[in-house]
Amino acid sequence: MLILLDQDGVLADFEHAFIDAWRKRHPDIEPVAFEERKSFHIREDYAPELRGLAEAIYTAPGFIRDLPPVPGAVEAFRELLALGMDVRICSSPLMQFENCVAEKYLWVERHLGRDATQRLILTRDKTLVQGDLLIDDRPVITGAARPRWRHIIYDAPYNRDQTDRPRLDWRNWRNVLAGELYRSDA
C-alpha cells in the first residue's frame with residue numbers, strides 16, 4: 001500500500017510553532033488559539049490588518065526547518081515503514097517558496113533521516129500524485145485530476161466540519177488504517 005503523508009500539520013507541528021513565534025514577535029496581540037481555528041489557511045483566521053504579520057512568521061527563514069514534529073508522527077512514520085508500507089511525504093510548498101522548499105527537505109532529514117528525503121514529493125497539485133491513501137489536514141483537496149488515493153483527514157479544528165471521510169491523528173492511526181487496509185483487500 002502506498003501511503004502519502006502531508007508534511008505541515010501532519011508530520012511537522014506548524015500550528016503550535018506558529019503560535020509560539022507569534023507570541024515572541026507580538027506579545028501585545030493574542031494569537032488565534034489552535035482550537036479556535038476555522039480556516040485551513042492560518043492567515044485567514046486573522047483580521048485583515050494582521051494577515052501580513054502572520055505571513056511574515058511562516059515565510060521567515062528557518063520557520064519550516066525548525067518546526068517540531070507532531071507528537072507521535074515520527075514514530076508512526078517509522079512503524080508504517082517497518083510494516084512494509086510504501087510511505088511518501090507529499091507536501092505543497094508555500095507560494096512564497098524561497099525558504100520553504102529547501103527547509104522541507106532539511107526538516108525531513110533532521111527528523112526522519114537522510115534516506116527519507118528520497119520519499120519527499122513536493123507539488124502544488126496533490127491530485128496528480130499516485131497513491132492509495134493521502135493523510136492530510138486540508139479539508140478539501142482539488143486539482144487537475146481525479147485522485148486515485150482516498151483522503152483520510154488528519155484531525156484539526158478547521159476541518160471538523162468534514163464528516164464524509166475517515167479521520168485520524170497519531171493516537172488512533174492504527175485503528176483507522178487497519179480499517180483502510182481491510183477495505184483495500186475487499
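Counting begins at 1 with the first residue displayed.
Backbone N, Cα and C atoms are what each Cβ position is placed from, and that goes for glycine too.
Taken straight from Swiss-Prot:
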- D6: active site, nucleophile (ACT_SITE)
- D8: active site, proton donor (ACT_SITE)
- D6, D8, D137: Mg(2+) binding site (BINDING)
All-chain count of other Cβ atoms within 10 Å of D6 (active site, nucleophile): 20
Lowest local Cβ density among D8, D137, which the record lists as recorded positions, within 10 Å: D137
Cβ-centroid neighbourhood (8 Å) of the Mg(2+) site, D6, D8, D137 excluded: Q7, G9, V10, L11, A12, F14, S91, D136, R138, Y154
Pairwise Cα distance for D137 (Mg(2+) binding site)/D6 (active site, nucleophile) [Å, integer]: 8
